[in-house]
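Have a look at the structure below before the remarks.
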Amino acid sequence: MAPNIRKHHPLLKMINNSLIDLPTPSNISAWWNFGSLLGICLMTQILTGLLLAAHYTPDTSLAFSSVAHTCRNVQYGWLIRNLHANGASFFFICIYLHIGRGFYYGSYLYKETWNTGVVLLLTLMATAFVGYVLPWGQMSFWGATVITNLFSAIPYIGQTLVEWAWGGFSVDNPTLTRFFTLHFLLPFMISGLTIIHLTFLHESGSNNPLGITSNSDKIPFHPYFSLKDILGFTIMLLLLTSIALFSPNLLGDPENFTPANPLVTPPHIKPEWYFLFAYAILRSIPNKLGGVLALAASVLILFLAPFLHKSKQRTMTFRPLSQLLFWLLVANLMILTWIGSQPVEHPFIIIGQLASITYFTIILILFPITSALENKMLKY
């Protein structure tokens with residue numbers, strides 16, 4: 001019998017082992033769809049971004065006009081821009097749900113996969129930040145100024161570091177040029193990291209909602225999960241196109257319709273919605289260095305997840321106390337997101353400070369204690 005090209009061709013067999021004949025646990029739920037949805041987000045963003053870059057001019061005097069020109073004069077330029085801007089929001093929705101799934105079901109115990117995932121999140125955040133600066137509107141400019149300025153809190157080398165990053169003494173043309181360069185480069189770095197992420201995942205195989213070994217009950221990825229993924233793609237792309245066509249500026253800041261002006265500061269400087277939780281934590285500490293450290297810790301704390309796992313069970317499926325704590329954490333993150341969008345005044349200051357303390361307390365203290373308590377209750 002002739003050899004099957006899908007299983008023997010050096011390149012095709014890699015694709016086959018990753019997407020077609022991949023042994024997959026039969027009981028993974030829709031929460032396992034977000035990995036592939038992130039892949040679709042990445043491909044959509046690279047495609048729309050490439051088309052936008054073809055019409056963009058990274059120069060302070062032309063950037064704003066070039067984006068306006070793309071929307072007015074390029075065939076479907078408005079649609080490409082709206083898909084790209086809102087695609088970023090969907091990217092973050094998917095990655096937050098993906099991380100939440102990993103946290104709930106104990107997927108972080110695959111340490112290599114989890115750590116590469118956190119690095120992916122950090123790279124995505126960097127990409128989104130530099131991308132937001134490119135239209136060179138008011139919020140682009142002041143957002144870049146405020147966030148890059150945080151590096152000056154680093155003792156001794158801070159100020160030098162900031163001026164080196166800016167390429168001058170303020171956010172100006174060199175800054176915009178290098179941000180465009182980085183925004184073009186980073187998505188390809190994300191693609192490379194994604195391959196590493198998947199390589200580590202396929203070493204161990206997928207986790208499942210029960211958190212027990214599923215070697216005795218595996219089914220091929222195709223057609224079962226390929227079809228399930230396509231359903232996910234359809235729903236997400238339908239939502240993305242709907243928002244891009246019906247309400248493209250829903251998540252944006254009206255301030256960004258005004259060209260950047262270093263002489264006028266917007267009344268409320270705030271990042272896009274997906275960074276608001278971290279921004280609230282940054283603002284809740286009345287000290288610059290302390291705020292920067294808290295901001296970094298709010299995301300880097302994910303690296304500690306494998307070490308904070310004290311339960312004898314992997315997932316939270318059969319751990320009601322940990323479940324309660326998990327949803328408290330989700331609610332807390334939503335409160336932080338809301339606080340990040342509000343002005344710095346009473347009562348928002350104190351709410352933000354309490355929510356920030358709660359965020360770290362739940363993850364660092366309450367989760368391990370609750371896990372130990374649940375172990376005791378089960379008489380382990």
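The backbone N, Cα and C atoms fix where each Cβ goes, and this holds for glycine too.
Among the features that Swiss-Prot reports, heme b b562 binding site is placed at H84, H183. Residues annotated as heme b b566 binding site in Swiss-Prot, with similarity to another entry given as evidence: H98, H197. The ubiquinone binding site feature in Swiss-Prot is assigned to H202. What Swiss-Prot lists as transmembrane segment is 34-54, 78-99, 114-134, 179-199, 227-247, 289-309, 321-341, 348-368, and the listing cites similarity to another entry.
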Which of 78-99, 179-199, 289-309, 321-341 contacts the transmembrane segment (348-368) most, counting Cβ pairs under 8 Å: 321-341
Residue numbers, six or more beyond the limits of the transmembrane segment (289-309), whose CB comes under 8 Å of its CB atoms: 99, 103, 106, 108-109, 111, 114-115, 118, 121-122, 125, 150, 153-155, 277-279, 281-283, 356, 359-360, 363-364, 367-368, 371
Integer Å distance between the CA atoms belonging to H183 (heme b b562 binding site) and H197 (heme b b566 binding site): 21
Of the binding-site residues listed as H84, H183, H202, the one whose CA lies nearest the CA of H98 (heme b b566 binding site): H202
Cβ neighbours of H197 (heme b b566 binding site) where a neighbour is any other Cβ within 10 Å: 21
